[in-house]
Amino acid sequence: MGLSDNLKGVILAVASSAFIGSSFILKKKGLKRGGASGIRAGVGGYTYLLEPLWWAGMITMIMGEIANFVAYIYAPAVLVTPLGALSIIVSACLAHFLLNERIQKMGIVGCVSCIVGSVMIVIHAPQEHTPSSVQDIWTLATQPAFLVYVVATLSAVLALVLHFEPHYGQTNILVYLGICSLMGSLTVVSIKAIGIAIKLTLDGMSQIAYPQTWFFLTVAVICVITQLIYLNKALDTFNATLVSPVYYVMFTTFTIIASVIMFKDWSGQNAGSIASEICGLITVLSGTIILHVTREQEPPPPPVGTVTWFINGDSLKSPEEEHLITHHRLDEYYEP
């Protein structure tokens, strides 16, 4: 007896979470090494591109996104997206051992809550209803309710990029991750449309000639590039154990809203199943919030005017923890 489409989606989503959770840590280490030898990504630098660890994280993330991409072909977004909570657990555990970003006792409770909520969602998730052509998907994408969501999303992204990022980007994590999450919701629905088109093509019903297929592909590429740029800025500026859960909460919320509006995932489900899914989602989000409030604070970057040499590799440590050579400006001690 073969696996159901939903079960295939669950397996792929779990594998995706393992890859993506690991990629956060690899990229974070690469960003820290790049920042130590040049301009930090958070203030516009690109020296991290010379770091093998960052590229290892990028490759791992791509593998996770491919698994996630295929998962969306087999299962609805309301099932696949919340399983991303497992990536939070992976990244938190790896950060504990590799980045010295320690998990508090309540953080363990948060991890358990994420797992329990994910199980609830898997049990009550709706079955996938695959459209018969990319034209059917286009009809769903151009319905008035979804068009209103798209306009609202793009307006919010423009406001964040043009107004809030210059003033609050370095101090408020919601700016960078808000851009990532809003664009991410459009990425998911576009990726799902592309995945369905590929699946139908492999089944003998070619969708390549339809312009809608290439439109969805273009939208997905633009959204993914935007996500990567602002996710790099968030990782370089804020603690990895903070970025992962907050990004997950926002991304999951916006993605489920977009998917429910466009693909009508809850259509045909009874009120009890929908309520159980919502409770599972709230449980998962509560777990991520617990991880957020019990995090350790990221040490601030060295102040301008101070040059610090790190003798022990890429770890960022305080003067009390590491042997440092620090050069101060002369005008701090002498007056002309």
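Placement of Cβ uses the backbone N, Cα and C atoms for every residue, glycine included.
The structure displayed is predicted, hence computed values, not measured ones.
Summarising the annotation, TrEMBL assigns transmembrane segment to 6-26 (among others).
Feature annotation from TrEMBL assigns transmembrane segment to 46-67 (among others). Remote same-chain partners of the transmembrane segment (46-67), defined as residues 6 or more beyond its termini with a Cβ less than 8 Å from a stretch Cβ, comprise 12-13, 15-20, 22-31, 33-35, 37-39, 87, 224, 232, 236.
The transmembrane segment annotation in TrEMBL covers 73-99 (among others). A Cβ distance under 8 Å defines the sequence-distant neighbours of the transmembrane segment (73-99), meaning residues of its chain 6+ beyond its ends; these are 5-6, 8-10, 12-14, 16-18, 20-22, 24-25, 28-29, 64, 107, 111, 114-115, 117-118, 121-122, 125-128, 188-189, 192, 195-196, 198-199, 240-241, 244-245, 248, 251-252, 255-256, 258-260, 263, 265-266, 277, 280-281, 284, 287-288, 291.
Beyond its flanks by at least six residues, the transmembrane segment (106-125) meets 6, 10, 75-76, 78-79, 82-83, 85-86, 88-89, 92, 241, 245, 273, 276-277, 279-291, 293-295 of its own chain at Cβ-Cβ distances under 8 Å. Per TrEMBL, transmembrane segment is recorded for 106-125 (among others).
Away from its own ends, the transmembrane segment (145-162) comes close to residues 175, 178-179, 182-183, 185-186, 226, 254, 257-258, 261-262 of its chain (Cβ-Cβ under 8 Å, at least six residues beyond either end). Residues or ranges marked as transmembrane segment by TrEMBL: 145-162 (among others).
The transmembrane segment annotation in TrEMBL covers 174-198 (among others).
The transmembrane segment annotation in TrEMBL covers 210-230 (among others). Nonlocal intrachain contacts for the transmembrane segment (210-230), taken as residues 6+ away from its ends with a CB within less than 8 angstroms of a stretch CB, comprise 65, 133-135, 137-138, 157, 176-177, 179-180, 183-184, 186-187, 190-191, 193-194, 197.
The transmembrane segment annotation in TrEMBL covers 242-262 (among others).
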For the transmembrane segment (6-26), sequence-distant contacts whose Cβ falls under 8 Å of one of its Cβ atoms, 6 or more beyond its ends: 53-54, 56-58, 60-61, 63-65, 67-68, 70-76, 79-80, 83-91, 94-95, 98-99, 122, 125, 127-128, 235, 240, 243-244
